[in-house]
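Engineer: Per TrEMBL, the features are:
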- 19-419: domain 'Aldehyde dehydrogenase' (DOMAIN)
- E209: active site (ACT_SITE)
- C243: active site (ACT_SITE)
Amino acid sequence: HPYAGLVSHLRTSWLSGRTRPMEYRVAQLEALGRFLDDKKEEILEATASDMGKPCFEAFFSEILLCKNELHQTLNNLGQWMKDEHVGKNLVTQLDSAFIRKDPYGVVLIIGPWNYPVHLLLVPLIGAIAAGNCVIVKPSEISKNTERLMAESLSCYLDNDCYAVVTGGVQETTKLLENKFDFIFFTGSPAVGRVVMSAAARHLTPVTLELGGKNPCYVSDSCHVQNAARRLAWGRFFNAGQTCIAPDYVLCSLEMQEKLMPALREAIAEFFGPNPRESPDFGRMVGDKQFRRVRALLSSGRVATPGGVQEMSPTVLADVLPSDPVMQEEIFGPILPIVVVANMDEAIDFINARPRPLAIYAFSSDSKVVNQVLERTSSGGFCGNDTLMHFTLTSLPFGGIGNSGLGKYHGKFTFDTFSHQRGCLHRNMGLEALNSPRYPPYSQQKMGLVTATFEIKRRGMCTIL
């Protein structure tokens, strides 16, 4: 157990109570804010080196949204930490019943490579805010960002309570052999199963932020140009390497014929005639990922110039459900279009597959959007746009079923890393009030216990 000493050291720090005071948590969060400010240019350079992230996209997704999460937490931490007083029965009216927000202890956060700063630091913000000690494991695939995290975070955070572990599959496997009090993982469903299996050996609770194929239904009653622009932005942001990107479009044959030229226009508007040379279009993270995505092009027909061979945004028309591109999450700059007869067929198509991380629906008729929302199930939902629900700290973000377990963002992150501890603090006197529950039992005592403990349904009366 090569990391046993590190985990033990952090557990000693947590047991000392060091991370519990609000002042300590605020100081560490403010230090994290200084890291984001001081290392802004280095973050932009590292993400550009790792995957060609445009400066705009990197700043928006990796820095701005992180700082929003941080400021939301700092603005509300005092309120979130307060005991939550709850209702009481007749017997406990003179006592104190409350929910205490306790830290779990020593937690592990495993981040992915596609948003290597945001998807590591946002969970870390909540874990610190909740009073935990934390080990963070950045992805080795985005190696420049991993190096930045490993070398710089320790200069800002308390090294007795927070640590960065680097390495690949072997190191992560060894790390997971240790007992943690909570594990937060972002990545693929396949690796999520491995993490959950490792956690099960220690009965450790987990949050799994996974992925999947996110459907997007485009109805015949929508503004085609607006839908195309929003679709193209969501699909090709970060070169399609986004877990909540629309993975495929469901629409009628008539809408497909309207949507294809509109998508071509949107792609040309965003990235110019040669997206490969555009400074505003990202790149795939590595050759392995590129080759996997390129192999999916044997599906349907290419409806845009260029193609993934040139690292260009690619739209595939007339894709069949049995085509390779529909068998796995794409995680690259390909947008397949699958033709369906109508909304009912689109909903049946969605419901016949594992529940996705996000579902999108475009229509000028709000009833259509609401029908898709009401008749499907997914981690999140966005009508008439893509990705934007992710930007709100007021909304819970997370998957369901194959797309994940648990939720975070804003207060939901604090709650995820907090144990909701039910507490009752009773008066040491007034012992006569307790006597009806003590043996020897009698029918009279049963009546008293029923009268003082029973919860009655509203609007109903009991005839004695």
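Numbering starts at 1 and runs along the chain as it is shown here.
Even glycines carry a Cβ here, placed using N, Cα and C.
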Engineer: Please average pLDDT over the domain 'Aldehyde dehydrogenase' (19-419) for the predicted structure.
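Structural biologist: Value for the domain 'Aldehyde dehydrogenase' (19-419), mean pLDDT as a whole number: 95.
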Engineer: What count of other C-beta atoms do you get within 10 angstroms of the C-beta of C243 (active site), across all chains shown?
Structural biologist: 27
Engineer: Rounded to the nearest angstrom, how far is the Cα of E209 (active site) from the Cα of C243 (active site)?
Structural biologist: 9
Engineer: Measuring CB to CB from E209 (active site), give everything in the same chain under 8 Å that is also at least six residues away in sequence.
Structural biologist: L119, F184, F185, T186, G187, C243, F397, G398, G399, G404, G406, Y408
